[in-house]
Each structure stands twice: as C-alpha cells, then as structure tokens.
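Notes to accompany the following structure.
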Amino acid sequence: KLPYHRRPTLAVEYKQIGGFLKSQVFPSAPAFMQQVMEYDGGNLAAVTAAPRGFQSGDRVTWFVLFQNVSGFFVHPVGLELLVDHSSLDVSQWAVSRVFYNGQYFRDMVQLESAYVQGRVSVEKVRKAPWDGDFSSMKPRAPAAALFPLQFEPQGPRYSVRNNHVRFQGWSFALGMSVSSGLRLFDIRHKGERVAYEISVQEALSVYGSNCPAGMSTRYMDRSFGLGRYTSPLVPGVDCPYLATFVDTHALSDSLRPQKRKASLCIFEQNLGSPLRRHYSNLQALYYGGLVNSALVVRSIATVGNYDYVWDFIFYQNGALEGKVQATGYPSSSFLHGDGLRYGNRLWEHTLGTIHTHFVNYKVDLDVGGVTNSLVAHDMAFEVTGAPWSPEQQIERPRLTKKVLDTEDQAAFRLQSKMPRYIYFAANSKNKWGHQRGYRIQITSFAGDHIPEASAMERAISWARYQLAVTRRKEEEPSSTSIYNQNDPWTPTVAFADFINNETITNEDLVAWITAGFLHIPHSEDIPNTVTVGNAVGFLLRPYNYYDLDPSIYSHDGVFFTSEQDFTACEINPLACLPKTASCLPNFPPFTYDGFRNM
C-alpha cells in the first residue's frame, strides 16, 4: 500500500500552484512585484525543486522564479518561494518561506513590508527580450555550405516490423516505458539470446547552491517520466535525415494514450573508422579491414532543462553499447554572496550550479542460457628469474582469476577499484576450452554519491555502486520507483535491500550499472550544454563467447594483396563505389510534429 502523499506531481497540481501564486501570493506584495520584478501577470516562470520537504508526509516545494523568456533556466530573478501544498484542500495552501537575494522572509507580506521600509537588498535584473538574448539558441551566423549527410546507397540494411528490429546478426524488441524510457527485450546475436532485458532505470541529479531550491534539489527523473517526456526528433540533427522514425505512446496525465510522433529513431551509422584493420608491409604485402558500421536505436528525453540522448548501439563483432549524452540548459541560481563556492558565474546574475549526473541501467544478461556465474579477470605483476639467465630478474604480468560467489562480492562501490575484466560466464565452453562470456565495461566520470548518513540516501542507494550483480527476482523488477521522488525518506524501493549476500553462482543474474559525470557549469554552457565530453554508459563485449571474431563473416570486409588488381570490383568492393554510390537518394520533405497537441 502506498500513502497518497508519495504520488508524483501531475500537471494539474502544478497548474493549481501557478494559479495560487498568481491570484493570492504575488498580490500580497504589490510594490515589490511591480517595482522589482516588473511583474505583469505573465513575465515570470516558476521551476519546481524536489524532493518536497524533509520527512515523510511533507509536500512543501521550493519554486524558483525566472524571466519567462527563451532559455529561461539561466534567467533567475532572485526570488524563490516555499509552497506548502500538502493539503488536498487548495484553500489551505500557503507560502511558508520566501527567499530573495540572500535574505529569508516569513512570507510575501513580510517581504513587502521590508521592501517598503528600505530593508531589502535589491538587485534589479535587466529585462531580457523575448528571445532570451544570451540564452537564445538562434544561430549567430548565416547558413553556409551544407554539413555532411549520410545515406544508404542500396537502401536500409536493417528491418523494423512493429517493435521488432533485425540487423546483421542482431535481433531485438524495443519498447518505451512512460516512466523509465527506452528499453530492449530478447536481444539475440546470431540467433542466440544474449540478454533478456536492457533498460534505463533512472537519471538522477544532485545540486549544490547557496539558494534554497538549488541546495535542496535531487531530481529523480523517472518520477517526472523519461518516456513521457520523450521528444519528437528533428531529422538531420537529432538523427540522420534518412533514419527510420518510429512513433511512441505514453499514458500519463490523461485518460487516453498520447502519441509522440517520430520520437524514436533507428539508423545504421558509418562511424568513419575501421572496426579492425591491418596493413602488412613485412613478408606478405596486403591490406585487410572492416568498416565500423553499427545500428543505433535512439530516443531523446527532455525533462525540464535537460535533454538526455539515449542510445543503444549494435556492433558487427557482437558488442552492444548503452550510452547517454547530456545536453540542454544548465540549471542556475541567482548569483549572490558566496555563490562562487557552488559553481561559476555564467552571466550578470546567473550562477551555474555544481551538480552530479547519475544514470542507472538494468542489464539482464542470459549468456549461453539463463544460469550464469560472475567471473573477474585482471592482472598482477610477478617477479621471476630469466630462465636463460637466472641471475637476471624479469617483471611479467600474469592473469588473475576469481569467481565472485555472492551478491556482496559483486557489489562494487562507486569510486572503488573494480576488476578490469568482469563477465557473465556461461556453463558452456568455446572451442578452446574457455567459459563463454560477455564482459561488462563501464564508461563513467561520476562525481561523489550523496553521504549515506543522509535521510534520503536509501531512495537512491543504487548510486552507491558502479556495478552490482544480483539474482534476478520477479519482485525486484526495477532499482527504484516513481514514488521515491516525493518521499525519499521512506523509499518505496530501496535498491540496497536487493544486496543480501545470496549466492550468484549458476543463477539467473542481473547487472545493475551506474554511470555518471560531475558537471560544473562554465561559460561555454551558454547558451546551452554540448554533448561533447558529456557521454557515459557501458559496453557488453563477447569474451571467449565465440571461437573467433564473428565480424569476419561480415559482407563489408575488404582484403587485397599487392599482387591483385585492387581497382577491380570483384577484388575490392570499395572500387565499386563510383557506380554503386553515385546516385543520391531522394530526400523527403522536412516534417516535424513537435509543436502539435502540446
């Protein structure tokens, strides 16, 4: 049973809060609102903080006010309001604290009184134009030569039927959870299942500031809806122009599902580098190589100020990558006092506040069957005498091996040292007598996790671990819950409870992977944040799973010797390009449905 106070905050409640501020709160400070805020009924935008209070049952939210212009997230005006909306009777709602430019007031009446008496330190913000001025994303340069485009000379080499996708040796089903976003099921390579489920679980941000909303913000975006806020995609920027675009549906804040047109895209991408290659200039003279062409499944969720680009990437060598890139606007506070302890100054009154990003994935691998074990391989140096010259010493690396038998052994703390090779091992062996496996390789630059002494830490305890492997249980489908955001003090799901030292040898196992990065906003985050350097995630790589690299069977391989006519099509497929890729496809007219049915 769930207490009603844990419910996510829906659009109707935000609308009621907006009406409450406009009709009751702002009129109680007429001089301040008119002379300092230049309030005209529509020039301020309010952004919610979360969680909402300090203990279970609280529903008391800080709202930050910004100039209502394009890119308003970086236009704070210095005013923040703490609204108590815990009662189901709207008439009982109240403002329990007001913050302005470093000063706290009991309510707007007290702020008004202090302002009229000249006891408020006023920092008036220059009124921004409707396009936001410095926050506008309108290009500052005219259009010039067109950027490179990619196309498939002989049409797509993948197929999409309903929610089932096939590409080279890969097949999988895709889905979109309204709360957690993009997810895949029944992932197979060369007909054999590699994973039952790979899914996004949560995106968490923990902020610091010397303003009340900023210092208390811990956004758990699953509660807002990573699938619900999946954006319609712009062909040519969000995805290649000729990608396959798929509609998704979400049931939230409504009695009927809402369609998000073209909110998921699928495309094959030439990554512009070889997957593998060798040029031989010793003994035999030859070249052999394979272009790194991979299938990408992408969705982009815009949750408030941030845009998360979610990718699953399928490579020809049997590797699979989960990746997220962060862009959008940085969240900001009003710059005052010792604000530079909590970030960098981005504009005249704008403090880009320090924050962490943590993303959690569920990876339910089934390597060579449902039952697996977790094995760690690494290295250690050993010192030995040279057999041919015993008086001489050699330091040589050797392989270390360990089976991780329990959930406690398989829970690796965020900043702890983890074995470089850690893999799900099957009960079968390859041709060379090795256990077939899939290796987990994490890419992360995570900041620090919130101290475990925090009253709300258990609600986000999945972020303690860069990797935790547990037994798969039907009663543990997710690492968190949409109800944790508004009651993190009594979490509906506490991931830490999943880890109870059960044996994980020859069991159905799940890997819970956390990746993240620390973001200290800087001047180059204006007008908004770029994806470069802000990408984290994980790779699943075959480790003795096959007898040799399966990409050797790719039709894209290139090989020729010094003695062959490598300008001939039948010898070298690259020589055919002047014929096979000489015609550009017909690009369909540009369409976009992102502004319909808002």
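Glycine residues also receive a Cβ, built from the backbone N, Cα and C atoms like all the rest.
TrEMBL labels come from automatic prediction, so no person has curated them.
Noted in TrEMBL for the protein shown:
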ACT_SITE  ASP221  active site, proton acceptor
ACT_SITE  TYR306  active site, schiff-base intermediate with substrate
DOMAIN    7-102  domain 'Copper amine oxidase N3-terminal'
DOMAIN    150-552  domain 'Copper amine oxidase catalytic'
MOD_RES   TYR306  2',4',5'-topaquinone
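When DSSP labels each residue, the domain 'Copper amine oxidase N3-terminal' (7-102) comes out as 30 helix, 29 strand, 37 coil, counted as helix, strand and coil in that order. Across the domain 'Copper amine oxidase N3-terminal' (7-102), mean pLDDT in this model comes to 97.
For the pair ASP221 (active site, proton acceptor) and TYR306 (active site, schiff-base intermediate with substrate), the C-alpha distance works out to 10 angstrom.
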